[in-house]
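These come from TrEMBL:
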REGION    20-48  region 'Disordered'
BINDING   162, 185, 187, 189, 276, 278  Mn(2+) binding site
């Protein structure tokens, strides 16, 4: 009975092809030998056939695998929060986002995107981070993502604090060279150091600049706001060539015109999307470590991500969800939906 249920959970509503096994659980150590395009695709189960409370807690109840081989894209958790400067708890973000992702379905009627008819997608589980050593955790993340990227799999990451974007971009740069960046956040994350340390969630993009991981003329930061220790906190970023869009420049506006400009700026070169949930106003996303008032709305978040459709997106992350401060689960639910939207804008996704 359990085997039958697992089989049904990997098939889409109305699917006529046999389900693809969850490789990491059923066939440990074995990788698919056929190309992803030649294999039956994974589909989240329909709630009309399988109750939402049934099944292993994976992203969108997709099959769980240990190998990225044969996948076009994959969800990966990085449960790390020892780089935080205020409230902890983002280590539990990936698990909580997966729980809330049970509400997601397979197509995007708003954009016409058909991700599960276009890509083979699975959940690769979590990177085994070292919660006692931030430097070692970054090494483990970089090594894990090098394997994912080398397999031709686009990573969609569930964070974790924002430190994790630095080793992820290290891995991506080994394949693509310097990448463009759409960074949606309340904070610039280009501090140099804090308490004498040069690596924490406030410094990832300065470290990326120093190592040449970013194409600085194709970096856009949206939603920046909050108090500061200086009167010109944006000087470093603008000196690098970043475009910094303040939250107040987004108030009461659609972001569609802005994203048209971003699309032109990014061109067809590789682009990475990094979305900190604290970009949103804490009225919508209270479950985060460093909330700032007067942020973006959920509809603006959708506009920012959907505005990347057609661009050469090579990876995405959604970071800083802290379930300890998310009593309703709304922050994690919002995060799960934004990750689905990121999946929908990947280059190979067809639209109806």
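Every residue gets a Cβ built from N, Cα and C, even glycine.
Automatic prediction, not curation, is the source of TrEMBL annotations.
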Please identify, from the binding-site residues 162, 187, the residue with the sparsest Cβ neighbourhood, meaning fewest other Cβ atoms within 10 angstroms.
187
Candidates 185, 189, 276, 278: member of the binding-site residues with the richest Cβ shell (10 Å):
278
Check: same-chain CB within 8 A of Mn(2+) site center, minus 162, 185, 187, 189, 276, 278:
183, 186, 188, 201, 279, 290, 319, 320
